[in-house]
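For reference, the structure is listed below as structure tokens.
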Amino acid sequence: MSYQAEYIWIDGTEPEPLMRSKTRIIKDGKEPEIWGFDGSSTNQAPGSNSDCVLRPVFETPDPIRGGDNRLVLCEVQLTDFTPPTNTRAAALGVAERYADMSPMFGIEQEYTFFKDGRPYGWPEVGYPAPQGPYYCGVGGSKMPGRQIVERHTQACLDAGLAIEGTNAEVMMGQWEFQIGVLPAPAIGDQIWLGRWLLHRIAEDYGVEVSFAAKPIPGDWNGAGAHTNFSTKQTMEGWDAIVTCCEALGTRVTEHVTHYGKGIEDRLTGKHETAPWNKYSWGASDRGASVRIPWAVEKAKKGWLEDRRPNANMDPYLVTALMIDTCCSALAGDKPTLFVPSQTTPAPAEASV
């Protein structure tokens with residue numbers, strides 16, 4: 001007998017990578033091994049030297065096919081085993097450097113359903129009722145997409161992902177799922193696999209999933225990926241939380257440059273955001289760059305929430321940056337990742 005292994009990877013499309021997958025039939029008793037693909041068709045290699053390598057890094061049961069079938073998330077490498085479009089390696093390296101601090105993450109992944117070029121459930125002409133009743137709402141026409149959300153949630157559970165919850169978001173057609181609490185790069189692995197499952201399940205309904213930061217211009221909420229972060233030190237005391245919050249304010253441009261496409265469109269100071277170029281932090285403040293949950297402020301220990309990452313962010317880059325900035329500050333080191341150069345695209349000057 002044999003089983004099906006769905007090899008899943010992140011391609012090299014810019015500025016937002018796409019997810020790709022293909023099926024391999026493997027004999028029972030054998031594990032998924034490295035495989036290959038045509039990188040010239042995924043923006044990861046030239047046509048004259050197009051072979052790329054898929055190296056398995058994370059496997060789960062396949063909740064769609066069932067049985068003994070598997071999902072296999074892969075790193076992409078060239079045939080010399082270097083990873084030019086693979087950001088997972090950066091997250092792994094900095095996580096190992098500060099492993100003694102136990103940096104951990106929970107990510108709130110927002111997204112928007114689309115059908116026929118409009119947010120799912122919106123009228124063919126015009127707009128739905130203003131924002132207000134949709135966030136965590138219930139009832140009929142207000143909550144389009146719930147069937148997909150329910151199937152996705154169960155699929156994540158069946159796959160063994162660390163899904164913590166789901167909810168409808170502020171704009172009609174917008175939802176969220178949460179993954180955590182996990183270290184890096186495992187949190188990135190599970191976010192990417194959760195995204196793939198969402199795309200795959202939405203296919204069955206003729207619905208598309210968008211992770212665009214500001215899918216609809218105007219007086220509508222954007223879509224983010226609020227990233228909750230803790231270390232052994234922050235879980236033990238308030239001073240470490242303050243150190244992390246202050247450290248994040250010293251590298252504003254470095255962070256927002258790598259927090260996803262369209263950061264200036266979403267982080268405007270409206271719709272529960274802080275301006276992208278003005279850093280702030282505070283307790284219970286959803287208009288701050290970094291929020292301290294009320295329970296954390298009361299206990300004087302716990303975690304912080306960076307509200308700046310977009311829904312389309314690369315979780316490997318975001319977690320690598322947060323570990324580098326926060327843990328280096330706690331250790332009295334200098335951060336080493338993603339120091340801007342003349343070739344680094346960045347928004348205009350940021351301030352604290």
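Every residue, even glycine, has its Cβ placed from backbone N, Cα and C.
As written in Swiss-Prot, here are the features:
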type	residues	note
BINDING	GLU108, GLU110, GLU169, GLU176	Mg(2+) binding site
BINDING	GLU164	ATP binding site
BINDING	GLU272	L-glutamate binding site
DOMAIN	3-82	domain 'GS beta-grasp'
DOMAIN	87-352	domain 'GS catalytic'
Rounded inter-Cα distance in Å - GLU176 (Mg(2+) binding site), GLU164 (ATP binding site): 11
Cα-Cα distance linking GLU272 (L-glutamate binding site) and GLU169 (Mg(2+) binding site), given in Å to the nearest integer: 12
Alpha-carbon spacing, the residue listed as 'L-glutamate binding site' to GLU108 (Mg(2+) binding site), which is rounded to whole Å: 15
DSSP helix/strand/coil residue counts for the domain 'GS beta-grasp' (3-82): 6 helix, 41 strand, 33 coil
Cβ-Cβ neighbours of GLU176 (Mg(2+) binding site) (radius 10 Å): 22
Residues near GLU108 (Mg(2+) binding site) in space but at least six apart in sequence (CB under 8 A): GLU176, PHE177, GLN178, GLY224, ALA225, HIS226, THR227, ASN228
Nearest-integer angstrom distance between the alpha carbons (Cα) of GLU110 (Mg(2+) binding site) and GLU164 (ATP binding site): 14
Local backbone state of GLU108 (Mg(2+) binding site), from DSSP in three classes: strand
